[in-house]
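As recorded in TrEMBL:
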- CYS268: active site (ACT_SITE)
- HIS326: active site (ACT_SITE)
- ASP349: active site (ACT_SITE)
- ASN389, ASP391, GLU439, GLU444: Ca(2+) binding site (BINDING)
- 260-352: domain 'Transglutaminase-like' (DOMAIN)
Amino acid sequence: IAATQPSTDWHLKENAREHHTSKFSSEELIVRRGQAFTITFNGAERPEQNLIFIAETGPKPSKATKTLATFDISSAASKEGWGAVVQSSSASSVSISISSPHNAVIGRYRLSVQSGSSSPQSLGTFVLLFNPWASGDDVFMPNAAECEEYVLEEFGIIFAGNKNHISSFGWNFGQFQGDILNICLAIMDRSLYYRQDPITDVSHRHDPRYLGRVLSAMVNANDDQGVVLGNWSGKYEGGKNPTSWTGSGEILQSWKKSGFKPVKYGQCWVFAAVLTTVLRCLGIPTRTITNFSSAHDADGNLRVDEFYDAEGNHLEKGADSVWNFHVWNESWFTRSDLGPSYSGWQVLDATPQEESGGIYQCGPASRHAIKEGEVELDYDGPFVFAEVNADCMYWNYDSATGKKTLIFSKSTEIGASISTKAVGRDARVDVTRDYKYEEGSAKEREIFKKARKKLGLEDKFDPTAPKQEEVEQKPDISGKFKVAGSLEVGKDLNLLLVLENLQSDAKTVNVNMTAWSTLYTRRRVNQIWKDSLSVTLAPKEEKQFPIKIKYPEYQQQLTTDKTIQVTALCHVKDGIQVLVKRNITLDNPAIDIQVLGEAKVNKEVVVEVAFTNPINEEVKDCVLQVEGSDLLQGILELRIPPLKASEKSSTKFKLIPSEAGPKHLLVNFFCDKFADIKTFKMVNVIN
């Protein structure tokens with residue numbers, strides 16, 4: 001006859017401390033693979049030498065798929081499989097140290113014990129995660145400070161703007177908050193891979209390569225009713241504007257609460273931030289990467305084509321595009337499929353841009369393989385290589401005749417200032433050199449040619465295009481836009497168009513200029529301004545033409561991305577056209593946070609947020625949103641009365657921090673005239 005149900009002491013505190021899982025707030029044991037944990041249970045039949053343990057996960061556990069392990073008590077833990085060692089025993093209870101292999105399947109396990117011939121008794125469930133602190137694990141990261149940042153840190157900084165003007169905002173990853181771990185486990189069980197073949201899917205969950213790829217598909221809603229629905233239209237009715245989110249928690253909770261309906265809406269940084277949360281939660285070291293002037297090469301020829309009409313308007317023609325910036329992920333793990341030199345940081349991208357293997361997923365692509373032009377190696381090498389390396393071709397397109405003429409091409413445009421947050425500091429680190437050799441160097445061109453050759457592309461240009469139009473002529477003049485004054489929403493935009501005659505005879509130039517508000521993907525939304533001028537440039541002469549676009553002219557047209565594209569198409573008499581363009585990102589006015597007094601665990605502390613209306617008219621519908629892991633639960637939303645011209649508002653609220661250490665408070669302020677003014681503040685909480 002079976003004994004009574006044993007009661008289990010999971011030693012939650014001690015095990016969590018040993019396994020770097022103390023930040024989870026859970027009544028369930030959460031441990032990392034390849035490392036022992038201790039449990040004590042009573043009511044077991046003696047002697048304990050006869051005990052057999054059963055650990056199982058997934059829908060139909062089996063030894064063949066490594067989702068079922070049975071193991072008895074031994075004197076020492078085995079290196080290969082699961083093992084149990086008696087720590088201590090008394091008349092009524094026994095303490096056992098249980099260890100799992102370094103390559104165990106991760107997820108929620110059921111643990112039971114069997115004594116002699118009696119039927120197994122359930123001891124309960126526990127969750128097993130990846131272990132970057134253990135040298136045998138595929139995700140082993142030898143540097144402890146990096147483990148701390150890329151697995152345990154709940155705050156991040158995401159870089160945005162454009163390559164001339166890099167901006168940044170904070171993000172609350174919140175991977176240890178509330179129910180996030182359970183939601184991450186649910187994401188795995190809702191993937192197409194699991195739905196098609198749950199047994200095989202679960203058996204692959206020991207492999208960070210596999211899970212990285214599966215989760216890059218599940219974070220976007222395409223194909224599988226995944227977490228976030230992308231929207232790049234500039235219109236966000238029926239959901240939240242992608243720029244308004246400040247953390248992943250709200251998104252993941254909404255997905256679960258709605259019965260797993262995709263959350264509206266995301267753009268690249270939202271997909272990357274949510275994937276960071278999920279992978280850090282599961283124990284895979286992960287960070288966000290921002291690539292400036294990022295190519296989206298839709299046709300796989302390692303070049304992007306942009307088309308302009310005679311007025312200088314950027315045309316929506318062709319599927320290629322260049323984004324002011326694009327955010328993706330890097331995760332850290334070994335590539336036993338490719339060889340040791342390809343281990344380390346791997347590129348994953350959850351933004352739905354191109355299908356891979358029939359669904360919207362991207363990666364893992366070894367960063368080392370990208371740098372060396374080894375684009376044939378798994379997965380999605382050509383797409384990632386193009387994002388940082390594609391050549392740009394600028395065309396004049398005549399819609400009446402369908403004729404296209406090459407204006408110029410540029411091989412140094414794409415993939416600039418590739419950025420990520422520093423380890424342990426709120427600063428930017430440039431990782432461009434880890435993706436490619438120095439722009440313009442012989443080595444960089446050699447790698448580009450190597451990649452084109454591997455893809456079967458001809459040496460210079462696309463062999464299908466007629467040749468004569470691709471011969472680049474030398475321009476007679478050069479031009480550039482210079483910024484004069486500040487780039488701030490609410491202020492006039494002052495620019496200089498600088499034209500220089502490169503020849504030793506005079507040149508007559510007709511210039512057509514336009515300014516459009518765009519999304520950060522450079523998709524045009526509204527025309528703001530147009531003008532034209534005629535000028536004669538004396539030999540070698542340089543002239544400057546001031547351009548002023550007043551705030552009232554652009555205020556209604558600006559998107560929440562606050563980006564404007566200015567172009568000047570210069571028609572040189574008896575010469576070739578010259579295209580001058582600049583993408584401008586405006587800054588929001590500043591907002592200020594002060595913590596009044598010392599922040600202590602479980603004690604109230606007052607925070608003051610101040611904002612001054614910088615424009616000459618009233619702003620209304622003002623809302624302040626505040627969040628921060630371990631500083632407050634969920635999101636605090638405060639409505640603020642309208643502000644007259646130049647009026648200052650000061651808003652106070654209280655926090656009760658729940659944990660000591662450096663924590664980050666994130667603030668987002670928006671009103672009818674300003675979208676999503678964000679800032680963050682580090683709050684050092686003491687015991």
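Each position is counted from 1, following the chain as shown.
Glycine is no exception: its Cβ is also placed from the backbone N, Cα and C atoms.
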Which of HIS326, GLU439, the listed recorded positions, has fewest other Cβ atoms within 10 Å: GLU439
ASN389, ASP391, GLU444 as binding-site residues, winner by CB count within 10 A: ASN389
Euclidean distance between Cα atoms of CYS268 (active site) and ASP391 (Ca(2+) binding site), Å: 22
Same-chain residues at least 6 apart in sequence whose Cβ lies under 8 Å from CYS268 (active site): TRP323, PHE325, HIS326, VAL327, TRP328, THR351
Cα distance (Å, whole number) from ASP349 (active site) to ASN389 (Ca(2+) binding site): 17
Environment of ASN389, ASP391, GLU439, GLU444, the listed Ca(2+) site - residues of the same chain whose CB lies within 8 A of the CB centroid: VAL388, SER411, THR412, ILE414, GLY415, LYS436, GLY440, ARG445, PHE448
ASP349 (active site): tally of other CB atoms within 10 A of its CB: 30
Secondary structure tally of the domain 'Transglutaminase-like' (260-352) (DSSP, helix then strand then coil): 18 helix, 41 strand, 34 coil
Cα-Cα distance linking GLU439 (Ca(2+) binding site) and ASP349 (active site), given in Å to the nearest integer: 24
Confidence summary for the domain 'Transglutaminase-like' (260-352), mean pLDDT rounded: 95
